[in-house]
Structure formats: structure tokens, C-alpha cells
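**Q** I'd like to ask you about the structure that follows.
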Amino acid sequence: MPQDPRHPEHQYLDLVKHILENGARRMDRTGTGTLSVFGATMRFSLEDNTFPLLTTRRVFYRGVVEELLFFLRGETDSKVLEKKGVRIWEKNGAKQFLQSVGIDREEGDLGPIYGFQWRHFGARYETSASSYEGKGVDQIASAIAAIRANPASRRIVVSAWNPTDLGSMALPPCHVLFQFNVTDGKLSCAMYQRSGDMGLGVPFNIASYSLLTILVAHLTGLQPGEFVHFLGDAHVYLDHVDSLRQQVQRPPRAFPKLFVSPKGPRTEPEHFQYEDFELVGYDPHPAIKMNMSA
């Protein structure tokens, strides 16, 4: 499919405009209310070190990297991120929030969320401090092995949606599953997101799965190809409407470049550190305040 001849960020801006103009008004789990549409697709090239970190509002790059590495290590304690200044899971890990969804665990214990499912699918979850080494299905390792051994496979799929564990999660997965594809020496990734918060979540998710693709391409000796983003319920929270109306008026700027420059041996995805990635040329418009609905 050919790329939009305009700046690729217009895909995001146009979808936001479409939701603002045509979205169905709905109440939601958080009580905030949304404007919502069902079914959308965006495509972002990752070639030539391009990194689709949106420019019409500053995206929390450090948070993108640290959260992805947190998932790849199979970690589930939000305090690990908070110690690094990344507080995106703080509200969902709060004791009061956990109790409100019927979970009785220590503060910060998010349960069997993304990283646990990626690295230990099917294992019995105990606590965020428990060891799960050798337990469950390591979907990430299996995907990397498949890319190397059988790159033409159509089964290189990783799922975070485990119905038996949903009730134990602080928040069920919004980005549910992803699939890798190898074509002409290039690695691409398609991700399906059942629920997409267009203001805060989706810009973060675009960057996160693009980074995942770049990291796995590095490990498997491939070039990054494309990130394809499928959205189910794409929505704008009602308290984000004014902020997003402001954002869609801004012209996109050139996407930055991202280089993988490991500072030590990195043979497995969980070995990577924040310092192994170099972001060059990120020049976004100023931040726009938006509140998170938990």
C-alpha cells in the first residue's frame, strides 16, 4: 500500500479530526466520556532510521523506551518505572485503584500484564517479586527464533490477551497482539489495539511498537521496514477535546532518527538499556497538557 504523500503524521491528525467531527459520544469505564469511532489503520515507515515520534506535541520519549524495556524484561512492578521517573503506571498501580477493581496485592503490583504475557504466557501469576524463570511460554524468544529460522512464517504472533488472567490485571491489555513480517530483508510489525486513547496513549503506542520493531530487527540482522497500527475503538476523551483541537492545527515537523548503539553485549531483548538508543533531531511543538483517565 502506498504511503500518504503528505507527512505521515497527518494520518494521526486526520483520524483525530475525524473522531472530533464524527465520533459517537459514549460513556466509558473511567466515567470521563469519549467520542469514539470503530476501526482505523495507520502505517509508518521505519526505513533510513526514521522513528515516528509525533511532532505536533512532545511525546515522552524516555517513558516510551523505559516502558518497552520493562515489558521485555517481563516486569510487573510499577515502582521499577517510577524510580526512573516514569509514572505512567502509577495510578493503575495505586493500592486504592487495585482494590477498586477487586485486586488485593501490594502497591505497584500490576499483575500479569503485557510483559508477563510476552515472556511467561500460561504461567501461574503470584506476585511482581516472584521468579518465573523457565515458566510459561516465552513468546518474545519464540518470535525471534522464528524470524531467524523461518522468516516467511505467517505465525510470528505475540499475544498479551489471556482471558484466564484478565481479572488479575490492573488493566487488561489495550494493545492486544502483534505480528512480525519479513520481506526483502526488512522487518515489519503490525499491532492490533482494541482500545486507543488518541490523546495520550496512541502517540506513545506508535513509538513503542516502532521501537520494538527496530530492536528486534537489530537482534535478527534485518533492516526495519514498517509499523502498521490497527485500532478497534479509537477514542478522544471529552476532557482532551480542547487540547486536541489545538494540536491538529499544528503543522508536523520532520520525524527524528533513531540509532541502536549498544553500550555492551546485547544478545537478548532484555539486555538492552535506555542508553543503547540514540534519538537524533527530535524538534516537536511544545507539550500540551492532557489528564490521564484511570
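Heads up, the Cβ atoms here are built off N, Cα and C, so glycines get one too.
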**Q** Considering the dUMP binding residues Arg29, Arg154, Arg155, Arg194, Ser195, Gly196, Asp197, His235, Val236, Tyr237 given in Swiss-Prot, which of Asn22, Asn162, Asn205 is annotated for that site as well?
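**A** Swiss-Prot lists Arg29, Arg154, Arg155, Arg194, Ser195, Gly196, Asp197, His235, Val236, Tyr237 binding dUMP, and from Asn22, Asn162, Asn205 it also lists Asn205.
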**Q** Between Ser195 (dUMP binding site) and Cys174 (active site, nucleophile), what C-alpha distance do you get in Å?
**A** 5
**Q** Could you give the Cα-Cα distance between Cys174 (active site, nucleophile) and Arg29 (dUMP binding site), in whole Å?
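**A** The separation of the Cα atoms works out to 13 Å.
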**Q** Provide the number of Cβ atoms within 10 Å of the Cβ of Asp197 (dUMP binding site), excluding the reference atom itself.
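**A** Neighbour count, Cβ to Cβ under the 10 Å cut-off: 24.
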**Q** Please classify the secondary structure at Arg29 (dUMP binding site) using three-state DSSP.
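**A** Arg29 (dUMP binding site) sits in coil per DSSP, no helix or strand.
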**Q** Since the record lists Arg29, His235 as binding-site residues, which of them has the fewest other Cβ atoms within 10 Å of its Cβ?
**A** Arg29
**Q** Among the recorded positions Arg155, Cys174, Ser195, Tyr237, whose Cβ has the fewest other Cβ atoms within 10 Å?
**A** Arg155
